[in-house]
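**Q** What TrEMBL shows for this protein is this:
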ACT_SITE  E1139  active site, proton acceptor
BINDING   C40  [2Fe-2S] cluster 1 binding site
BINDING   C80, C83, C115, C117  [2Fe-2S] cluster 2 binding site
BINDING   F275, L324, K342  FAD binding site
BINDING   Q671, F691, R796, A957  Mo-molybdopterin binding site
BINDING   R764, F798, T894  substrate binding site
DOMAIN    339-443  domain 'CO dehydrogenase flavoprotein C-terminal'
DOMAIN    497-597  domain 'Aldehyde oxidase/xanthine dehydrogenase a/b hammerhead'
SIGNAL    1-23  signal peptide
Amino acid sequence: MITVTKSLLLLYYYNNLVSVSQANEMTLIYYFSHHTANACLFPVCALHHVAVTTVEGIGNTKSRLHPAQERIAKSHGSQCGFCTPGIVMSMYTLLRNKPEPKMEDIEDAFQGNLCRCTGYRPILEGYRTFAKAMMSSSLFNSSEFQPLDPTQEPIFPPELMTQSNKQQKQLCFRGERVMWIQPTTLKELVALKSQYPNAKLVVGNTESKSKLCRHSYNHPSVGRTILLICLFTGITFGAACTLSSVEEVLRKVVAELPPYKAEVFQAVLEQLRWFAGPQIRNVAVIIHLPLISPCSTEGKRTITMDEKFFTGYRKTIVKPEEILLSVEIPYSKKGEYFSAFKQASRREDDIAIVTCGMRVLFQDGTNRVEEIKLSYGGMAPTTVLALKTCKELTGRDWNEKLLQDACRLLAGEMDLSPSAPGGMVDFRRTLTLSFFFKFYLTNVSSCLLLSIDASVPLNLSSSNQSCVLLQEVPRGQAVEDMVGRPLMHVSAAKQACGEAVYCDDIPHYENELYLTLVTSTKAHAKILSVDASEAQSVPGFVCFVSAKDVPGSNITGIANDETVTCVGHIIGAVLADTQEHSRRAAKVVKIKYEELKPIVTIQEAIEKQSFLKSIKRINKGDVKKGFEESDHILEGEMYLGGQEHFYLETHCTLAVPKGEDGEMELFVSTQNLMKTQVLRVLLCRNCIVHFGLCLINVSFNRTGRPVRCMLDRDEDMLISGGRHPFLGRYKVGFMKNGKVKSLEVSYYGNGGNSVDLSYGVMDRALLHLDNSYNIPNVSSVGIVCKTNLPSNTAFRGFGGPQGMMIAECWMSDLARKCGLPPEEVRKLNLYHEGDLTHFNQKLEGFTLRRCWDECLSSSSYHARKKLIEEFNKQNRWKKRGMCIIPTKFGISFTAGALVHVYTDGSVLLTHGGTEMGQGLHTKMIQVASRSLGIPTSNIYISETSTNTVPNTSPTAASVSADINGMAIHNACQTILKRLEPIKQSNPKGSWEDWIKAAYENCVSLSATGFYRIPDLGYDFEKNEGKPFCYFSYGVACSEVEIDCLTGDHKNIRTDIVMDVGTSLNPAIDIGQIEGAFVQGLGLFTMEELRYSPEGNLYTRGPGMYKIPAFGDIPTEFYVSLLRDCPNSKAVYSSKAVGEPPLFLSASVFYAIKDAIYSARKDSGLTEPFRLDSPATPERIRNACVDIFTKMCPSAEPGTFKPWSVRV
């Protein structure tokens, strides 16, 4: 499992590489190699004789930034900054190995890195400068970057270099429960394995680490073995060769060998490219290849990896006391062809859903099959060979009849139970046929007149192109006035150097305790007993806290302490002296349950009428009359899956005693300080998200000692809710020309086990059910379902994307029903300036039609549409699609601020907003700079704290810059008003002169500011009022290409035009647009939460839950800020930008749907079809109905228990 870490290690190996000449003479070569590796996976014991460099060791803000640090900071490639050190180290390692890399090298280096904020484009654009690529950017000046000088890098420590000449000694490290032994010779290793046959042999540790953490395996471990590479009839790799070294050797061999001898090597290289990221390939070792040589005290033997090799799940015929010496990959022969295929949820760094290796050997000079082997992974607990199919195909001619028979045979042999673990049964079965079809086309005789486009994989080489179009700063604006200029994020340099302090980076306090949560393993059950007696025997155990320890009332959202209502429901917590002891103790707390029937899905909630009480409606016009006047009526429904926040810093809280009277200081990763200030004063440190503090408070009161709690990724995803899954049912009436007359829609949201913010989410969904379209007659209802899942909560967009997505669903289908171009139907129904929305708010400053026209023009929409139509005519198994989508997002909220001016003229700001990477602090400095008329270099900002600004509004709804900016502006105006008499008496004085004089005249130089958006309020029952202050608008056009055989898709190009008013900081605003778009890309095409029928979350952690990676962003990505559109209702004419752009990624979803339409048309299907969100490879492939999907019919619902359910 890949673990996303804050910091990646750079490892230097002083290795012995054995290369073999054609005469088989071995030459010893000494060289240095530089590799990135995940710090959390690399055992400290394995670092003996290895030099380690972290991000702190290559540069810092006090002396000098390394060019890799400087360029990501100045190109605006860091927002929250939690991923930035890892990205910096990936780039640094590449530069150590290749000082002048190609763009492809840079993209490959980032395969193992993830970012949730930036959208990746600014990172690639900043680092593109190392590739000497021709580029220009309006967001940064590359000529200001310091050059890379390889001669100034740290040298390999000489004391480690001398160790290679010394005789190595066996090492042994002993811990509380684990012993680590590092042998130096094969003889020692074999003896140890004989002594400890069940011990795990650790080399790369990419698998053992997760098991040690999750299952607490208690076994001795044996360290790294010697690397060996040699050439014979094939290539034999030493068992400890890393995958990176295998890849390097194979590339050289393939370049030198005749193509017919390198068939297998080529296939291995293609698969290695998509196997994990370089941080894993650098340490993971080669296993599970054709011929392996184990040995033991009984001697050596050679084993062929055939159908007998695997004896069970993760079990082989290799004996426990044996060790693996080498793996041999043979050369391929003339007439022999080999292909390997893999399909995963995400192309980069992901585990395969189905994978296969296929080999065929033809009789000399013929197309008759002499031998054939077909093996599949993902179709059983072990890799399986299609033995019956291969037997039938042997001796047959390679033609269409063989293809038909092979698919029929494979459909029968590669069958799966409809309840098979992993789910996606129809998809997996279909892939086995699709892969063989691709293999068949790859090797088809040239005399067969078949389209072979399926044999060519999607072109996934990025070579990303990007362009941003900014607003111009007005002529005459003072140079020191930074409003409207792309000022660098104030924390970017610290983040790039690893100096930014996050909650868990705060040094440990004396007597500090660590808290680990004890949570429910049942979705709905009564607690019969909780037994923590066994936990007390764990070293370092202090106490167990639960509801019984809460002083006073304990009534929160869920009032019954004896009943758990979801898996992950917090029952109590264990306190111990260290994190490891606390977690060990928590695992042995025993809980007995009386299980109750859970409600997990929206459908189950509807059937059992399990709803939260508040049901909202918005009605306008006469819906019945509208349907009567319509030419057509279309009914349907759409499901949208939920989404995990997947902030890279997980929830963290630290409680620290502050002297007398039980005072406590809390450091919390929260967006909403007001809800937690009732406990104690809060300090928000580089905060990412909100975390409940009740148990921390109880633990502090009980022990009086500092208490820390940092959730791991599995815990975080299990306990915390995310975006609400939605089911939308609609009935829409429309005219022949596509004009909508009437809409009836019902929204059902899965709220989970408590209200949380579900009512607000549903309210916004109803207020955005129109997206950007004028619908004269509307009847709508929003219902929140109560289920036995963790309570879902606020997420970027807050219900708006769900409401708008269902609107685009029926808009897309009615355009198809009318036989009209979707873009024409959408434009026909767009609002105009002055129109009333369905909630009766007048649209003022309506710039959406400008955005629409600019996007059509800048994207060359109509010309490209013709090219797509021509492409689709010429290709059967690859299709392209394009779609243009608008968005209208309402903005509404209050805020406070505090401004101090010191006698030297410097200014300290504090405001009520939380900086979580969105550049809020940077914008606030810019606002204060213009308000006070001083340079930004004079202004500093302190972290958000309730002891300076109390009763803050949540940092949410995209309005933090609006409201906190106005609060700061008001505070600055108060100070300026006090300075007026002094400035009048000395009009030519400087800022410093005026401040000094004010101090001497006892003028207060500190002021608070407060702001609330005026005249807001809405009544759902009367459908009157003003729910929003103003609206943000945008339009996106996206083009995609899908592989109809596998469901894979590639984002080819996206053009965005966004109205952000007059931008306060175009670099930050564009970063927010791109980041929101890519997060939405995950929501609508990739990120899928999978639950068991009992309510247990399967997709915990990055191994199962996939967010977009570097390779998932559009190959061409263009963002423009609409010009000349000032917004009079926000600070300095700006607009909110954090949430509105997220929905624009729906353009990718509907482009995919457009491509699927083309594929279905080739199969004779022309009617509208249902495509739920996200558009995963499974849904895309199943929607592309063809002969292969028909060979794998679905089991009847209700006749089996599914592995997972749609919640």
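Using N, Cα and C of the backbone, Cβ positions are placed for all residues, glycine too.
Unlike curated entries, TrEMBL annotations are predicted automatically.
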**Q** Are there recorded positions among C40, C117, E1139 that sit within 10 Å of R796 (Mo-molybdopterin binding site), Cα to Cα? If so, list them; otherwise say none.
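**A** The recorded positions passing the 10 Å Cα test are E1139.
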**Q** Which residues of the same chain, at least 6 positions away in sequence, have a Cβ lying under 8 Å from the Cβ of F275 (FAD binding site)?
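**A** Residues satisfying the criterion: L243, R281.
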**Q** Nearest to C115 ([2Fe-2S] cluster 2 binding site) by Cα distance: which of the recorded positions L324, K342, Q671, F798, E1139 is it?
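**A** Nearest by Cα distance to C115 ([2Fe-2S] cluster 2 binding site): E1139.
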**Q** Quick check: of the recorded positions listed here (C117, R764, E1139), which one has the Cα closest to that of K342 (FAD binding site)?
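**A** Spatially nearest to K342 (FAD binding site) by Cα position is C117.
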**Q** Looking at the recorded positions C40, R764, F798, E1139, which has the shortest Cα distance to C117 ([2Fe-2S] cluster 2 binding site)?
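**A** Nearest candidate: E1139.
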**Q** Roughly how many Å lie between the Cα atoms of C80 ([2Fe-2S] cluster 2 binding site) and E1139 (active site, proton acceptor), rounded to a whole value?
**A** 16
**Q** By CA distance, which of the recorded positions (C40, C83, L324, R764, E1139) lies nearest to Q671 (Mo-molybdopterin binding site)?
**A** E1139
**Q** Say we define neighbours as other CB atoms within 10 Å of the CB. Which of the binding-site residues C40, C80, C115, C117, L324 has the fewest?
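**A** Least crowded of the binding-site residues C40, C80, C115, C117, L324, by Cβ count within 10 Å, is C40.
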**Q** How does the domain 'Aldehyde oxidase/xanthine dehydrogenase a/b hammerhead' (497-597) divide up by DSSP, counting helix, then strand, then coil residues?
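**A** Looking at the domain 'Aldehyde oxidase/xanthine dehydrogenase a/b hammerhead' (497-597) with DSSP, the answer is 19 helix, 35 strand, 47 coil.
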**Q** Counting distance between Cα atoms, which of the binding-site residues C40, C83, L324, R764, F798 is nearest the residue listed as 'active site, proton acceptor'?
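**A** Going through C40, C83, L324, R764, F798 one by one, the closest to the residue listed as 'active site, proton acceptor' is F798.
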**Q** For the domain 'Aldehyde oxidase/xanthine dehydrogenase a/b hammerhead' (497-597), report the average pLDDT of the model, please.
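**A** Averaging the confidence scores along the domain 'Aldehyde oxidase/xanthine dehydrogenase a/b hammerhead' (497-597) gives 90.
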**Q** If you compare CA-to-CA distances from L324 (FAD binding site) to each of the binding-site residues C40, C83, R764, F798, which comes out shortest?
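**A** Closest by Cα distance to L324 (FAD binding site) among the binding-site residues C40, C83, R764, F798: C40.
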**Q** For the recorded [2Fe-2S] cluster 2 site formed by C80, C83, C115, C117, which further same-chain residues have Cβ atoms within 8 Å of the site's Cβ center?
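**A** Near the [2Fe-2S] cluster 2 site, the remaining chain residues are S78, Q79, G81, F82, T84, R116, T118, L648, G917.
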**Q** So if I draw a 10 Å sphere around the Cβ of Q671 (Mo-molybdopterin binding site), how many other Cβ atoms end up inside it?
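**A** For Q671 (Mo-molybdopterin binding site), the 10 Å Cβ neighbour count is 23.
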**Q** For the domain 'CO dehydrogenase flavoprotein C-terminal' (339-443), what does DSSP give as the number of helix, strand and coil residues?
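**A** Taking the domain 'CO dehydrogenase flavoprotein C-terminal' (339-443) as a whole: 39 helix, 30 strand, 36 coil.
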